[in-house]
Amino acid sequence: MGTKVKIGIIGGSGLDDSQIIENRTERVVNTHFGIPSDVLIEGKIAGVECVLLARHGRNHSIMPTNVNYRANIWALKTLGCTHVLVSTATGSLRDEIHPGDIVIPDNFIDRTTKRVQTFYDGNELLVGVCHIPMEPAFCSRTRDVLIETARELGIAGVHNSGTVVTIEGPRFSSKAESNLFRQWGAHLVNMTLVPEVVLAKEAGLCYAAIAMATDYDCWRETGEDVNVADVLATFKKNVTKVTELIINAIPKIAALDWTETIEELAKTVNTSIMLPHSN
């Protein structure tokens, strides 16, 4: 008998519809790191235990900088999640990634400036300093399931890899920044993937993201610079693809034995912690 799977789902802009979960119950969770963005909704998708959390709150009232990423991830861990699937709206930095396309990212570049990126900050709950390695940045096996599920569903415009630049926000990039990110080899830009992906790894959770390209940011010379109205319209038009992918991937994830993967992840975390020593 393998490890029992329980999947946390962090919904970004447009994907905070709790109706995708059956037999839903709301849980208020307070963590050592504060209160999560919203109540957590527990239930089942395709018979698999899941927990849904709206990253920005159900009323989208929390800007990216102010999201309590630590509380969100720790709350999912507290409720017994083994995996975290997230959706995120992104700007495309590549001609071949069109608005409405989906990317399953495999790497990131951090351009945030105001966010705590570790649980090991000197608190009494977790002792030491954690130098977590971020290669691979995302759970490879979980990504593989998402990619295979998208292929089986015949979802158009799916890209199997990509590097996401996470900026502080809430402002969008300048044209100079957007072109710099392109020179760095990045494919997408967003505001929420970091520190979420880092904290999930520290917590020993199998984390993968579904990134929806909603615009071309502002690097192109053809005048279609990013704006809120276009972002929301594109995400709303295409969010059913993200929902369909998540709903169909969940039972495939649950059908696999994750014991070794989770044990290896726990080992990585444990061997990354430097404990204080006495002189």
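Heads up, the Cβ atoms here are built off N, Cα and C, so glycines get one too.
Taken from Swiss-Prot, the feature phosphate binding site covers SER13, ARG55, HIS56, THR88, ALA89, THR192. Per Swiss-Prot, the feature site 'Important for substrate specificity' maps to SER173, VAL228. Residues or ranges marked as substrate binding site by Swiss-Prot on the basis of sequence analysis: MET191, ASP215, TYR216, ASP217.
Shown here: features listed in Swiss-Prot, placed on the structure.
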{"residue": "ARG55", "record": "phosphate binding site", "CB count, 10 Å": "24"}
{"residue": "HIS56", "record": "phosphate binding site", "CB count, 10 Å": "20"}
{"residue": "ALA89", "record": "phosphate binding site", "CB count, 10 Å": "23"}
{"residue": "SER173", "record": "site 'Important for substrate specificity'", "CB count, 10 Å": "22"}
{"residue": "MET191", "record": "substrate binding site", "CB count, 10 Å": "25"}
{"residue": "THR192", "record": "phosphate binding site", "CB count, 10 Å": "28"}
{"residue": "ASP215", "record": "substrate binding site", "CB count, 10 Å": "23"}
{"residue": "TYR216", "record": "substrate binding site", "CB count, 10 Å": "21"}
{"residue": "ASP217", "record": "substrate binding site", "CB count, 10 Å": "26"}
{"residue": "VAL228", "record": "site 'Important for substrate specificity'", "CB count, 10 Å": "11"}
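Of the candidate recorded positions, THR88, ALA89, SER173, THR192, the one lying closest to ASP217 (substrate binding site) when CA atoms are compared is SER173. The record assigns MET191, ASP215, TYR216, ASP217 to the substrate site; their largest pairwise CA distance measures 15 Å. Spatially, by CA atoms, the binding-site residues ARG55, THR88, ALA89, THR192 include one closest to ASP215 (substrate binding site), and that is ALA89. Restricting the recorded positions SER173, MET191, TYR216, VAL228 to those with a CA within 10 Å of the CA of ALA89 (phosphate binding site) leaves MET191, listed by sequence position. There are 27 other CB atoms within 10 A of the CB of THR88 (phosphate binding site), with all protein chains counted. You'll find the Cα of TYR216 (substrate binding site) roughly 18 Å from the Cα of THR192 (phosphate binding site). If you compare Cα positions, VAL228 (site 'Important for substrate specificity') sits closest to SER173 out of the recorded positions ARG55, HIS56, SER173.
Cα-Cα distance from SER173 (site 'Important for substrate specificity') to THR192 (phosphate binding site): 14 Å (rounded to the nearest whole number). Look at TYR216 (substrate binding site): DSSP puts it in coil.
Here the CA atom of MET191 (substrate binding site) lies 9 Å from the CA atom of THR88 (phosphate binding site).
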